[in-house]
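A quick write-up on the structure given underneath.
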Amino acid sequence: MTTNTAPATTARPSRALNITLWTVQSVLAAFYAFAATPKLLGDPTTADMMAQIGFANWVGYFIGAAELAGAIGLLIPRLTSLAATGLALLMVGATVTNTFTMGAGAAAMTLVLAAVFATVAYARRSWITRPGKR
């Protein structure tokens, strides 16, 4: 007996889902580009915040660079899933940090953002698994 097995493919999102994803990606990209700016410019408030939670000053620059790279990556189709994954991991780190330094209430927002980024990464995974076929 022979079975016909076709290679697994990832279905493209519907038009409405695609528009929703692009809207979410654009808003998050703008937000994270804006949030990265003071960190990259060495804003004293950022340095004070890093000192209060026990991190070296360079960590603020690293976080700012990661946020800006993620923001740019969210707008480049081939990089969207990877950028969203990176930002989700960054938000998981922020959630852990916030939980131990400011309490669980402060960690809720970063946890929600991690879930949103994970959703975007999952929804856009076909852009890296099927290059050139959108």
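Positions of Cβ are set from backbone N, Cα and C atoms, glycine also.
Caution: TrEMBL annotation is automatic and unverified by curators.
What TrEMBL annotates here:
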- 16-35: transmembrane segment (TRANSMEM)
- 55-75: transmembrane segment (TRANSMEM)
- 82-100: transmembrane segment (TRANSMEM)
- 106-124: transmembrane segment (TRANSMEM)
Residues outside the transmembrane segment (16-35) whose C-beta sits under 8 Å from one of its C-beta atoms, at least 6 past its ends, are 67-68, 70-72, 74-75, 80, 84, 87, 116-117, 120, 123-124
Other same-chain positions with a Cβ less than 8 Å from the transmembrane segment (106-124) and lying at least 6 residues past its termini are 13, 17, 21, 24-25, 28, 74, 77, 80-82, 84-85, 87-89, 91-92, 94-96, 98-99
